[in-house]
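Here is the structure we will look at, set down as structure tokens.
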């Protein structure tokens, strides 16, 4: 295996591990409060599916020289499974049913891909089938921050887009993109090239808006207006009281 190929793969493992562990802060809060509050559980089973498909694609009988792809995505699959189970434990009944349904579909999709690739396909056909499946869900995973980027542009604030998370999205996408180029593997290079581009856009947005306080939310503006009205009422009451004393 090419030394540069290995170096970028190891670096990709490190940055991807950071991204997988990033939601642990959210889950500490969920466990502490014994509630999922307003957090969405959808990203975790979807990321789990991406990890399972990518880990499967990296296995030697599917694609050669991609063991590092399997190791990090196998680790990610374990981490995401833990997240899903915690979310299911603390979620309200309606949300629990929805997330369990998505989780079941994820396992069904992965099982279908694995069984078809094992018993119906061989050689390049197997690699093509598994690679396409992994690529589609990798792009979907990388595209998930688009809503946050839109929020940043709308509010002119980076409050909901932490710098280090954006940085590691960029580093992870870039390292695996180069890894795919060196290994001449389009199924690794293409989705991670997309991730590299999105990470770059996130960093550009961060540096454009990092000095802004941003537009306040409607609720915050409403609260401030309410406080101001109460202050005005107090001042008016004081004035009226003084007038009564003078009379």
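Placement of Cβ uses the backbone N, Cα and C atoms for every residue, glycine included.
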Recorded membrane side (Swiss-Prot) equal for residue 41 and residue 155: yes
Annotated range (Swiss-Prot: transmembrane segment) out of 7-27, 217-237: 7-27
For the topological domain 'Extracellular' (184-187), mean pLDDT (0 to 100): 91
Closest-packing stretch to the transmembrane segment (42-62), where packing means Cβ pairs under 8 Å, from 7-27, 99-119, 163-183, 188-208: 99-119
Candidates 7-27, 99-119, 188-208; stretch with most C-beta pairs under 8 Å toward the transmembrane segment (128-148): 188-208
